[in-house]
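Note sheet for the following structure.
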Amino acid sequence: MWKQRNMWIVQGLDVDLKHILISSWSWASSIKHCFVPSAVVVALDVMGRWLGGVGKILEDVVSSRRNFERFMMPLCCLGMINGILLLLKRIMPKPLQQSRTNLLHYRQLIVSHDAVVLGTALNERILSSLLSVHRLKVLHMDRNEYYGGEPTSLNLIQCNCMMEMQESPRTPVVMAQLSWFFGIATIVKLLLIPSYHSTDLEVHRHWLAITHSLPLSQWYTDETSEWTLDYPPFFAYLECFLSMFAHLIDPQIVHLHHGLNYKANSAIYFQRMSVIVSDLFLLYGVYRSTLALASLKRNLIWLLVIWSPGLLIVDHLHFQYNGFLFGWLLLSLSFLAQGRDVMGGFLFAVLLCFKHLFAVAAPVYFVYLLRHYCRGGLVRGFARLSVMGAIVVAVFAAAYGPFVYHGQIQQVIRRMFPFGRGLCHAYWAPNFWVFYIMLDKGIFFLLRKFGFNIPAPVASFTGGLVGDASPFAILPRVTPLTTFIMVLLALSPCLFRTWKDPRPRLIVRSVAYAYTCGFLFGWHVHEKASLHFSIPLAIVAVESLEDAKHYFLLSIGNASSLLSLC
Amino acid sequence: MKKKGEMKKVKKVKDKVNDGQDDDPWWWLVQEGIRPSFLCISLFALLVRVAVGLHPYSGAGTPPKFGDYEAQRHWMETTLNLPSKDWYRNSSVNDLSYWGLDYPPLTAYQSYVHGVFLKTFDPDSVALFTSRGYESYLGKLLMRWTVLSSDVLIFFPAVLYFVLVYRSMRFGMGQNSDVAWHIAMILLNPCLILIDHGHFQYNCISLGLTIAAIAAALSQKDLVASVLYCLALNHKQMSAYFAPAFFGYLLGKCLRKKNPLLEVTKLGLMVIGTFAVVWWPYLQSKDAALAVLSRLAPFERGIYEDYVANFWCTSSVLVKWKKLYSTQSLRIFSLAATFITCLPSMVQQILAPSSKGFLYALLNSSFSFYLFSFQVHEKSILLPLLPLTLLALEESHSILWLTHFAMFSMFPLLHRDKLVLAYMALYALFILVYFAPCGPGGRCHGTKTLDNTQKTKRSVDFITSITFHPLVMGFLGLCSLILHVIYLTMHPPNKYPFLFEAVIMLICFSQFVLFTFYFNSKQWMLSKHLTSKDKQKKLI
């Protein structure tokens, strides 16, 4: 029972206001305009890609694929940047801005009464009648469709209704429903096994071979194929684990030399199946991070994450293990959102040792854990800081320890951070640098037209190794350090906010924002990296209509930027 | 202490979860009405079709005869390059022994249109003579697109039409999510997808036209229905499986009108007119028409092919029909058997035409054709399955069971086409969609509702208790699962190379016969039920 603005709100034992507010249909009806069309557009988009031949036909139309990409990229860029600006606005929410629309609705209802009584059991009934005797205007609410709570007599229809309430799904049923969604996705994945796959399939097959046939000390030095191992050690361990099964199925898959470019069905099926099975982590991650939500929101998140077109394209067409990795990320975020910071930090450290590209969110994690976990005075804060530090160090030691022992840590780091690869990936990611490059080209073109004699740049943007020559004609050259500083600068408002007010509710939002910054300003960003923010954002998207709009915009941009992958 | 606090928090969170569970898990799909949810489901169905299209087609890389894919491509080749008079005629430019055109003219026109489409993007694939056995990535893609487009243009709208009509027929009954489930059951029918988009055929066109005809008949547009059905018949002669039901229902309805003779003449004129338009190029001379007709009825191919789960093939284990009798007498046998078995449902419709009874009659007549008619193929099980999927909300038990056996009966065929992965995936998809959370399928297998117990009191009782007894179902399910595994992993003994196919055929046949009895009795019960209701009304 609490007082608010000269008005009493009384809460019964079995109800709470939040529950009613959250599951309110007014909110639901406001969000519905957004989701069905978005589902349709995303599905259409994926469909177009899966038709596979679209690109081929378009090729004839636009004469060459490169032209087509250049034409698409700025469009995607604009979409992305628009979405990101909107996101930036959202990252600094005024208190309760998320649920303002529905609160307004309820405030009107509540303000027009003197007292609100929640629940209609015996106590509340007596209370409300007493209040009304005292000439107060009473709003009496109940979550059930009938009056009287537990000690009431019902007619047949109400009885039926109550029975249904009693049979309402419990946690195992939630799991069953989620598994249903997951099962449907798995079937699509199974059907996609014979579809197109990129060279990443061969890359991962080669890693299986390396980790199976070479001793640990040679994993990061081997140069049998051009596809050297460039993921952190935990991923190498995972490949080693998988290679044991691969060896049982077909020894040629894991043969270092005979296996090169081995494209037999056994290899493809095994690798595809390993991705599909490893997606179980994603299932658990989503399950954990949606436990606390109302069923409607939960369903929407399941749809958006498990049926995410981007994830399907990258994992099951292009071939990667992102579903597995996002499972870890979501698990970590779900622990943080529950306030279990140690577990969240531990899982994130593990994730970093699987794929270092997730490190973009490390500053956010660091600030958040520092302010949220290590609070409560100097001594206790320091103790907690050292606990967290010890955990992270332990994880990293487990990953890199063997390589330190073999004295190869430098080699490992060199492999993991190939800065020689150039600012943009062979397939451009629609980020800030595209504009930068286009600006450079534009000025170059104009100056030439006005008669200035400027030498054309030697290196190209897309051709892998750049070396020392600058690809820019006019504008200053971009170095990895510049991009690093840019990312930090873009991150700073979010870091500042997290420092001032470390709230578990905002952590998912902040992490998603951090990945967006990394995508926009990072060095050698792959377009697949757009998944890094679109998956966590899906969890944020159900919080309010505006979030849903931003998510919609970003995911469309994201999906169309993946077009050139296929 | 802290930890305890945290534990409590978690518990609270969990309690909250348990509280807010009364929402419909399908709300996001069905909240805007039938059309948007139809759009969403059909997009998903399209996605599944596209994904199945990635798998191999029948006869891929197996010269010299290849398979159905090559047949369809060859028809495009001939129809595109030859004048319409030569399409059905053996000549120096058209070798009918190599996949000669043996479907009615509408298929030929459709092949022509698709041939034009193929020619604009890949002229090599439909060049006369030189393109035989042509296989390429682009060619496969374009061919898949032709099936997809005909699915989208004909089958999907027809299903939408039917669902809208059906919904208005039993309005007020069932929730929106039931309708969504029904749509999914029709659109995601695994057999149809596997045959059309995996094996490669254009069943979606004739079946789509049939569905449209059914919907039109149900919404009292008899003339439209007869035209649509004639089109279906002119696309694939197999649509004749539904003829007795259409005939009975439309005739029965005419007889109940004021001026029966006029109505019947109107229908007859529509039918003749449609046929005349479609057959126009062949009506110039008697020989041309007869040549087409002889192509349509390939009696020389024998009474059955492969191991189809119908009466003739199954009983040939005991009685060697092909050796004992000539083709001529077998033709008469099969015709008589088919006619006798589909007579009851037809008579029932003439006597008491009702929309529900019409759907059951479609089911019964197609089943009797499947079981007893001449030259039936495994793929023909698609035809009985179609009315069953339309009845999914009424027959939620049997659709699961019968689809299982239909899939099973086609398993050897699909195994030959290397579609086992797609088969398993689509089978799992069907099961998942059937048991969708809070859907009718999941519900009817949970607690028995009042409705069910009332229904089972009737004399259908006996058959239902056999077919749907959990023990029987469990046993047969286990059997088929084991057979799947055996078929995939073991070689049959040399003495009986087709042992497994025969066992599969026997199991499926027994179930099909049982279901034929069940549906027939259901249809007759329906009319009894109705008449008793009428009597009650009169008494009141």
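All positions are counted from 1 along the displayed chain.
Backbone N, Cα and C atoms are what each Cβ position is placed from, and that goes for glycine too.
Given the structure is predicted, the values throughout are model-derived calculations rather than measurements.
If you check TrEMBL, you get these features:
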- A:71-88: transmembrane segment (TRANSMEM)
- A:173-193: transmembrane segment (TRANSMEM)
- A:269-287: transmembrane segment (TRANSMEM)
- A:299-314: transmembrane segment (TRANSMEM)
- A:321-339: transmembrane segment (TRANSMEM)
- A:345-370: transmembrane segment (TRANSMEM)
- A:382-405: transmembrane segment (TRANSMEM)
- A:425-447: transmembrane segment (TRANSMEM)
- A:481-499: transmembrane segment (TRANSMEM)
- A:506-525: transmembrane segment (TRANSMEM)
For the transmembrane segment (A:506-525), which partner among A:269-287, A:299-314, A:345-370, A:425-447, A:481-499 gives the most CB pairs under 8 Å?
A:481-499
Please work out which recorded stretch in A:173-193, A:269-287, A:321-339, A:345-370, A:425-447 has the most C-beta pairs separated by under 8 angstroms from the transmembrane segment (A:299-314)?
A:173-193
Same chain only, please: residues at least 6 beyond the ends of the transmembrane segment (A:173-193) with a C-beta under 8 Å from a C-beta of the stretch. Say none if there are none.
268-269, 272, 275-276, 279, 283, 286-287, 291, 295, 298-299, 302-303, 306-307, 312, 315-317
Of A:269-287, A:321-339, A:345-370, A:425-447, whichever stretch has the most CB pairs under 8 A to the transmembrane segment (A:481-499):
A:345-370
Selected stretch (most C-beta pairs under 8 A with the transmembrane segment (A:345-370)) from A:269-287, A:321-339, A:425-447:
A:321-339
Under 8 Å between C-beta atoms and at least six residues away from its ends: which parts of the chain pack against the transmembrane segment (A:321-339)?
204, 235, 238, 275, 278-286, 288-289, 291-292, 305, 311, 314-315, 345, 347-348, 350-351, 354-355, 358, 368, 504-505, 507-508, 511, 528, 531, 535-536, 539
